[in-house]
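One structure is given below, encoded as structure tokens.
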Amino acid sequence: VGFKAGVKEYKLTYYTPEYETKDTDILAAFRVTPQPGVPPEEAGAAVAAESSTGTWTTVWTDGLTSLDRYKGRCYNIEPVAGETDQYICYVAYPLDLFEEGSVTNMFTSIVGNVFGFKALRALRLEDLRIPTAYVKTFQGPPHGIQVERDKLNKYGRPLLGCTIKPKLGLSAKNYGRACYECLRGGLDFTKDDENVNSQPFMRWRDRFLFCAEAIYKSQAETGEIKGHYLNATAGTCEEMMKRAVFARELGVPIIMFDYLTGGFTANTSLAHYCRDNGLLLHIHRAMHAVIDRQKNHGMHFRVLAKALRMSGGDHIHAGTVVGKLEGERDITLGFVDLLRDDFIEKDRSRGIYFTQDWVSLPGVIPVASGGIHVWHMPALTEIFGDDSVLQFGGGTLGHPWGNAPGAVANRVALEACVQARNEGRDLAAEGNAIIREASKWSPELAAACEVWKEIKFEFKAVDTLD
């Protein structure tokens, strides 16, 4: 066939409604808003082309490969209900386009340059179906939910955490003391804030030492295993690994990483180190809202959550449904299931566009954090279930009597909710009564109930289905 130079419409090559998807294809659902005058077939085909083999003009070297084997294909287009000129375009990518075990490479293709494409007004990646053949090239979470419970010897209830505040400005000694008070009071974990790395007021090594002391002292007093998420995030990968190694030498159970600001390559390396060395890995999602909060452009958090499960992390922040940070109930529970379960059915009412089989890749524990306090405990226990970490920062440290009583209040509230649930009571209907009953025999809980009885963060959720 002679080479024919010139520009041709994308849809002639990349829009293939007759295509039957393969079990090995990576499938993507994009929300596409074309520029006025651009037909949806052309827009969908352009997305498939620009995120796979295509470029803006026919090139001579196209003849040296098999486009049919390597091209992305837009195989289905649906109008978005209630929106004019907006479509869900489904694209199938052959597996050969992606390097094994690399979330970085997968994202560079699928959510790379195509998002700056001029023929589109906006583009959002709503969901990805990762084929089992590709899932199997990833280690995934260092340990997963069951192994974590076995390591910590904690079963049958959510775990409790607390982010140490003020997030910046404490000395290492005072920071360690705050950790100790929380852990002694009954929490399972305390947490470095995501922006605590190694600053002039508190260098990382000092913090690690004082927090390790807090862990060992509180473990000795309570007879429970305790942890503090030591943030290993750093300016270079070498420095990050140095911090992880030091944490392992201290014998602590868990470290933490900011996976979006730190990057997927660094995260995957750290996850491999954590599995090899018995460390749990807590993941913070700082920067996610830059990517996922706009409805029409960017990437939905469920995609970032899937990517994290592949790259590796044992915990990840996932919104609260009830606190100060974003999260609409059905949608949040949709990606919480994607993190924890082995098999998730397609369910558009929860924003899940594809059935996903994780073929026994370990699960990730979702972390509910942000503006939550004791009055939220029944709702959180009901919504998130046992396999979750409930994190109360201000909701622990803001207690009028101090950190340890704040921790006691949270632990009593949690134990009361778990017991009530196990006795068959309805947490949604009786939640406030359950907390009030428990506060009768816990002065710490009674004081917490009094402080936060009126606090609500009532705003309309941005992340709705449509």
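Here the Cβ of each residue, glycine as well, is placed from N, Cα and C on the backbone.
Quick look at what Swiss-Prot annotates:
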- LYS165: active site, proton acceptor (ACT_SITE)
- HIS284: active site, proton acceptor (ACT_SITE)
- ASN113, THR163, LYS167, ARG285, HIS317, SER369: substrate binding site (BINDING)
- LYS191, ASP193, GLU194: Mg(2+) binding site (BINDING)
- LYS4: N6,N6,N6-trimethyllysine (MOD_RES)
- LYS191: N6-carboxylysine (MOD_RES)
- LYS324: site 'Transition state stabilizer' (SITE)
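Projection of Swiss-Prot feature records onto the structure.
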{"residue": "LYS4", "record": "N6,N6,N6-trimethyllysine", "contacts (Cβ under 8 Å, 6+ apart)": "THR58"}
{"residue": "ASN113", "record": "substrate binding site", "contacts (Cβ under 8 Å, 6+ apart)": "GLU50"}
{"residue": "THR163", "record": "substrate binding site", "contacts (Cβ under 8 Å, 6+ apart)": "THR190, LYS191, ASP192, ASP193, SER369, GLN391, GLY393"}
{"residue": "LYS165", "record": "active site, proton acceptor", "contacts (Cβ under 8 Å, 6+ apart)": "ASP193, GLY393, GLY394, LEU397"}
{"residue": "LYS167", "record": "substrate binding site", "contacts (Cβ under 8 Å, 6+ apart)": "ASP193, ASN195, VAL196"}
{"residue": "GLU194", "record": "Mg(2+) binding site", "contacts (Cβ under 8 Å, 6+ apart)": "ASN231, THR233, ASP258, HIS284, ALA286"}
{"residue": "HIS317", "record": "substrate binding site", "contacts (Cβ under 8 Å, 6+ apart)": "ILE283, HIS284, ARG285, PRO366, VAL367, SER369"}
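With the fewest other C-beta atoms within 10 Å around its C-beta, ARG285 stands out among the recorded positions LYS191, HIS284, ARG285. The number of other CB atoms found within 10 A of the CB of SER369 (substrate binding site), across every protein chain shown, is 24.
Here the Cβ of ASP193 (Mg(2+) binding site) has 18 other Cβ atoms within 10 Å, regardless of which shown protein chain they belong to.
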